[in-house]
Amino acid sequence: MAGVELFSHPALHTRYRAGLCSAAALALLLIAVLTYVPPLLVAYRSHGFWLKQSAYREQPTVRFRYELLFVATTGPGPGSFLAWSTFPAFNRLQEDRLRVPLLSTREEDKNQDGKMDQLHFKLELPLQPTEHVVGVQLILIFSYQLYRMSTFVMQSMAFLQFFSPVPGSQLYANGDLKLNQRQLLNHCGLDTRYNVSVVNGTSPFASDYDLKNIIAAYRDRNVTTVFSDSNPIWMTGRGANTPFIVNATIRYPVEVILYQPGFWETIKFAWIQYVSILLIFLWVFGRIKMFVFQNQVFATTPVSPVLPLSPVLSYKQHQP
């Protein structure tokens, strides 16, 4: 029997054969192209075919590093401030403007999942009766880590700043340490590019402790943390012998992390879109193929199966 089998269908009980260079074979090739290529074009042109970014939720592992830099403004003049930090080189530069505060900190794991959920921070700055605080600038340094996809480790900061024309007795802040991304994280591997100190605590130069320079260098990072408290509370009415107090609660919330998907995740996402469109084309062109071969639009050789005789009929035929 000449040719090769081009098409068969259980409902037709017939196989159709023709040569490889016949019109029927070329028609079958065209139908195959029209079945599989257009779904790919439709999925691609509908946008979102290739997954360029993805997201997941994770609570970061955050710990306070017990490193800070504190500046209290006491007047309008350029040298009217008191300062202290955990960096000895910075403290040596302050001379008579150095004032050592009393600190108390406590990190709390509220849901007992092994990760800290918030930091309670309190700073008490002793003041002379003639000294008044009209502004506060505070940098707190944290260790910030993500583990679910890639392992991302960095040193980050919370920056708290407030000024008032009225001298205060206490500044109260309560907010979240929010992750800020300008770049997607990797889907796997170890990323420690920002695991460096926010403040160069060993430098003897005053410019390295200038808050403007510290903030500018920190903002150059593609991944940072920002302390979000749009409504800090400034309290007034400090007693003559009472310290100025900074009282802050910094929460470590669950974050939505944006990352660059890996190869297999991208393929899986594209495959789902392609197959969902392909099923429609398979159904349509399957009916077209059945019509073409059943109605002999192109010349083929139908081959019908030879059904076996029934055992009863076979027995009767052999009876004498």
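Glycine is no exception: its Cβ is also placed from the backbone N, Cα and C atoms.
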For which of N222, N247 does Swiss-Prot record the feature N-linked glycosylation site?
N222
Cβ-Cβ distance under 8 Å to N195 (N-linked glycosylation site), same chain, at least six residues away:
V153, M154, Q155
Round to the nearest Å and give the CA-to-CA distance linking N200 (N-linked glycosylation site) with N222 (N-linked glycosylation site).
19
Select one residue from N200, N222: among these glycosylation sites, choose the one with the most other Cβ atoms within 10 Å of its Cβ.
N200
